[in-house]
Structures are given as structure tokens and as C-alpha cells.
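Engineer: Take a look at this one; I'll ask things after.
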Amino acid sequence: MSRATRLAKLALLALLSAFLLTPQSFADLFRPFAPGDTPPIYTQTPLLTLTINQLLLVAAATVAASALAVGFAVAATRPAGRDILPFARALANLGQTFPPVAVLALAVPIFGFGSVPTLIALVLYGLLPVFETTLTGLSGLDPALMEAARGMGLTERQRLIQVELPLALPMILSGIRLTAVIGLATATIGSTVAASTLGEVIISGLLTGNTAYVLQGGLVVSALAILIDTAFHALERAATQRSGFGS
Amino acid sequence: MGEPFATRMRPGPDARPAGRILAGLDPMGTVFAGLLSLSLLALPLMIERPNRIAAGTSLMAWSALPAAAALAVLGIVGFAAALLTLRVAPSVRLAAGASALLLLGLAAGWAADHLTPPGDRYSRVSPDAGWWLAFVVAGLAAGDGLARLRPGPGTRIAALAAVTVLAGLALRSGFWDNLSIMREYAGHSDTFGREVRIHIGLALSSVTVAALIGIPAAILARPVPALRRTLLGFLNILQTIPSMALFGMLIAPLAWIGRSVPGAAELGIAGIGPAPALVALSAYALLPVAAATVAGLDAVPGPVRDAAQGVGMTGRQRLFQVDLPLALPALLTGIRIVLVQNIGLAVIAGLVGGGGLGVFVFQGISQNAGDLVLLGALPTVALASGSAVLLDAAIAVSRGRGAERAP
């Protein structure tokens, strides 16, 4: 990352924190977008609370989805699991065609309203990017390297933990990054089924024709997505360098 | 699908056949069979409600179906499950999965007829957890069989067509008319066709707009590093704006353009209606299309470019006769991603008055009517999966038959 973009990202973080901590000091900026005398800043629930709720929801879903997906991918790449590999690939491919909104909508008749259907939809949808990238990472390892690890007398478990997973880590992290960013956007839609996220602000804006609310909800989520994406990119770079294949 | 795994990673010296106990069993099939048995024997098959939103009674397969039908369903699905556990040919696995699917489809119709008192127009019968789980597992088993057959593009399209025709015939015959979701359809049949057309129209036209803008922009910006970084960076940020917010933010400016630019209103540019949805969906589609174009052109081998230059082709000839044809599979992959993505995202249009299947989803959510949500969500999933199969086949054809299995 160049110096300029790093500074821009830091400024974004500072601006976001300032807005979430003292939203009223930004009221004048949003006033032109609020119709008539309506308040320019959403106050029913503090924006900071909604942001924290949304981040917790996305974090819980991302951790659960990543743990499950990495487990599945490891199982599918073991000798005993080789039979299921073509199928698992096809399944991951097909699963990507399920729109997140539809997953959310389908979860409501089964699990009801609130944060639970959103969490479940996020976990289900988040499985696929991590599964796919972990699979690519584990099955794309250099056969010569694996041969060397075997030749050193490492057991299957040691090879997995000390060689395969660390080498696949950058790929796995890129999958987790996708899951987190998609999850952040999907969680916003979760407010249509009464999950407490920043989507609440956007929906309230849509219902009352208050563009100021739509803007602040949208901008906060965008800023969060950009910052999360940046943080994961940094982690990926660190993991690549540690694995010794950094450029 | 890529190259078979086994040829890439040869089994090492310590590779041994999977556990001796499993020697005669197919691991994947055994999982399918276990889940099928669980879903039909331990979970309720159907749920019956006295009216649209009342709490329901869950019924197991044997109480939801007439005795003969229950025996037929449990017997045939059970036999299919038993077949799946064995190491049988892929075509047999496909047949077992497909017949389980067929029986589940029949079971839903039979149960609805059996549970609905004659002439009753209020009671609702819907599939419950067991039916859904069994349906998904049977679908996976059929898909597993199909995947093991390694079908070519033609076969995949034929399979899609067969499923579409079968489902269409069943829907038309009125066999499922007593199911709750079909009752919702009957209540909305006057608008359903229009919303489906709007939905497909939104998805297709937004992808077309994105292709018309994104591909030329990527071709022009690619050779200039600074321009290319700026273009992709800008589109990347555009993608981070949550869809609901982008739809909402566009309402005010489009309403203003519709009011103040002469002729704009006649073109359909207005704050309400499909215009904000179309603009937002096109914006989301730009990044994948532009990124795929850049990646596809980057992947054209240097020697090929040199050769094209060497035989005296002009820049325009190289672009249209060499670069773009070679980049076509990558381009189509980008189009596939955005088409599937936008079919899903078009649901959000229902929230901002843009129409489409989202209308039913959000009406259903606000009325707490799960089956109305399904009436919007199931066709969306079907559209998305169907277009993925079609475009995957197109990608395979564009790669050429010989190259299809190359990495």
C-alpha cells in the first residue's frame, strides 16, 4: 500500500470514529438531505450501538463459518475424503448462486424474525467463500514440498498443521475477507427482518423519505467494509511473507 | 469443473485405501442416506395451519399422507437411500437421487390434497423441515451423481431443460394447487408474471449496461497503470456501499433529473419505479465485469501478442481477432458472476418501489406470511441457479471442448 492510501485509510478510520462518537457534530453536513424540519441524524438507537451490534453479528457469523468451512475443506483434501472432492467443489459452486437476500428470506419462515435468521443466513452464505479458497489453497500446494515434508518423517497431522495450513493461510484469509465483507452487506439487509444493524437507519430513511438517514447508514457501512477489507489485506500480506513466498 | 484431483496430487507412498470397514460403502452416499432417513423418519414432513398466519401442526410422513402414498414415498426413498450407500455407477446414483426428488414432489401434492378438507379455502398446508431437508439432500445426491458423470455443456443444458419442463408441467397441471405457496400464487397471479418480467428485465438490462460501459472502460484503462488503478479502486469503493443504501441514495437525484431535464421523464427516469434499481444494479455489476476484462486481457500470452504484431495486424485487428477472443472465457466468467449476483440483488428493488420478485418477499415479511416470502424467494433462487448453469455451459463452450479439462 502506498503512503498516500495508508494515510487516506487512517483518515477514514478517524472520521468514522468521530462520527460514531459524536454524530450530532456532523448534523449540519446532513441537514441539506433531510426534508423540512426532520432531524438530520438518526437518534432512535445510537449509531454506535447499531454499529457494534452489526460488527458483533458479522464477527460471530464469520468465525463460525470459517471454522466449519476450513474443517470441511481439510476433510475433503484428506486421502479418505478424496471421493467427495469433485462433489464438494460443485456444491460450493452451486451455493454461490444462492443470493444472500434469498437465503435470508428463506430463513425467516423457519427461524422467525430478529437476529437469529440473519446470523444463520450469514453463516450459511459465509461457508462458501472460505471453503472454496481453502480448497484451492490446500489442493494447489507444490507436490514436491509435500513430498519433502513426508520425507522428513512428519506425520499426517504434523504435515497439516505445520506445512499445509500455514502455506494455505493467505488463500484462507482471502476467503475469510470475502465472507466478512459480504456478511457486512447482508447483515444490513437483515434489518428488514428486524435484526439490530445499521440497516435500521437506512430502512427508516427509505420509509420516511429522509435521504440523510439513508446516507449515514450507507456511508458508515461502506467505511466499515473498506476498513475490514484493508485489515484483512494486511493480514494476507503478512501471512504470505511468513510462508516465504512473498514477492 | 477443474482437472480431477487425483492426477494433480499423486497418492504418496503412505496413501492407502480409505478405511477397510468402508470398503464396500460410498462415504458421500452414506451421509446422504443417513440424512434422508433422518429427515423422513425423525422430522415432520408437512405442516398444517387453519389459516394463512395461524400457528400450525407439524405432521410426520405417515400422518400427512394416505397410507398407500406414505408406503410408496418411504419405500422408494428408502430404496434410493440404500442404493446411494453402495459403490454403484454414477448413473445409478443420479437415478436414485432423481427418483427421490420425484417422490418428494409427489408427496407434497398428495399431502396437500389429503390434508385439505374438500371445499376449504382457508387452511394451509406447507412442507415442513423434514420435507425441505429431504428435498435438499435428494437434490444433492442427484447433483453428486451428475457431477461424477462429468457432463459436457450439452448434457448440463439438457438436464436443466428437463427439470424446467417437468416443474412447469407439474405447476400447470394443478397438482400442487392445494399447497400453501400455490394458494399465495393464486392470490397474486395477476401481478406475478409482471413482477417476474420486471425482475428478469432489471437483471439482464443492468448486466448489459455494465458490459457496455465496463468492458470498453477496462480495455482503455488497462494499458495505463495509473488509470487502471484508479478505475478498479473507484469501482471497488462503489461495491462497498450496501445495496439498500445505494438504491435509496439514487431516488433523490433521479427524481430531480426526471423533473428538470427535458425528455428524461419520458425515458422513465424518475425517483420511484425501476430507474434507481437499474442504476444501482448496473453500478454493482461494473467492478466484476471490468476486473474480469482486465484479468482476461492480462492472461493473453506475450508470444501470442508478439506473433499477432509480427504478422502485421493493426491494433484494432489484434484487439478484436486475438485479445478479445482469447479473453472471452474470463469475460463470460465475469458476466456469470454479475448476472447471478444481480438476480439476487434485484430483490432489494422491491423495497424501494422498483418492482420485481422482492415485492412478494417484503410483503410476506411485513405480513408475517412465510409462504408469500417463498413465492418471491424460490423463483429468485431458480432463476439464479438456472442462469448459472447456462452461463457455465457457455464458458465451457468458449474454452473449447479440447481445453475444457485443462487447468
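Even glycines carry a Cβ here, placed using N, Cα and C.
TrEMBL entries are annotated by machine, without manual review.
Heads up, here are the entries from TrEMBL:
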- B:196-396: domain 'ABC transmembrane type-1' (DOMAIN)
- B:21-47: transmembrane segment (TRANSMEM)
- B:59-84: transmembrane segment (TRANSMEM)
- B:91-111: transmembrane segment (TRANSMEM)
- B:131-150: transmembrane segment (TRANSMEM)
- B:157-176: transmembrane segment (TRANSMEM)
- B:196-221: transmembrane segment (TRANSMEM)
- B:233-257: transmembrane segment (TRANSMEM)
- B:277-300: transmembrane segment (TRANSMEM)
- B:345-365: transmembrane segment (TRANSMEM)
- B:372-397: transmembrane segment (TRANSMEM)
Engineer: Answer yes if the transmembrane segment (B:131-150) and the transmembrane segment (B:233-257) have at least three CB pairs under 8 Å among residue pairs 6 or more apart in sequence, and no otherwise.
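Structural biologist: Answer no, regions not in contact.
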Engineer: Do the transmembrane segment (B:277-300) and the transmembrane segment (B:372-397) come together with 3 or more C-beta pairs under 8 Å, pairs six or more apart in sequence?
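Structural biologist: Answer no: the transmembrane segment (B:277-300) and the transmembrane segment (B:372-397) share fewer than 3 Cβ pairs below 8 Å.
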Engineer: List, by number or range, the same-chain residues at least 6 past the transmembrane segment (B:196-221) whose CB is under 8 A from its CB atoms?
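Structural biologist: Apart from its flanks, the transmembrane segment (B:196-221) reaches 227-228, 230-231, 274, 277-278, 281-282, 284-287, 289-291, 293-294, 297, 319, 331, 335, 338-339, 342-343, 346, 349, 354-358, 379-380, 383.
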Engineer: Apart from its near flanks, which chain residues at least 6 from the ends of the transmembrane segment (B:372-397) lie with a Cβ under 8 angstroms of it?
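Structural biologist: Same-chain contacts beyond the ends: 152-154, 156-157, 159-160, 164, 181, 184-185, 188, 192, 196, 199-200, 203, 329, 332-333, 335-336, 339-340, 343-344, 346-347, 350, 357-365, 404.
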Engineer: Take a look at B:91-111, B:157-176, B:233-257, B:345-365 and tell me which one has the most Cβ pairs under 8 Å to the transmembrane segment (B:59-84).
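Structural biologist: Comparing B:91-111, B:157-176, B:233-257, B:345-365 against the transmembrane segment (B:59-84), the winner is B:91-111.
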Engineer: Counting CB pairs under 8 Å, which listed stretch among B:21-47, B:91-111, B:157-176, B:345-365 touches the transmembrane segment (B:233-257) the most?
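Structural biologist: Looking at each of B:21-47, B:91-111, B:157-176, B:345-365 in turn, the most contacts to the transmembrane segment (B:233-257) are made by B:345-365.
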Engineer: Which residues, given as numbers and ranges, are at least 6 beyond the ends of the transmembrane segment (B:91-111) yet have a Cβ under 8 Å from it?
Structural biologist: 29, 32, 36, 45-46, 59, 61, 64-66, 69, 72-73, 76-77, 79-81, 83-84, 125, 127, 131, 134-135, 138-146, 148-149, 170, 175-176, 178-179
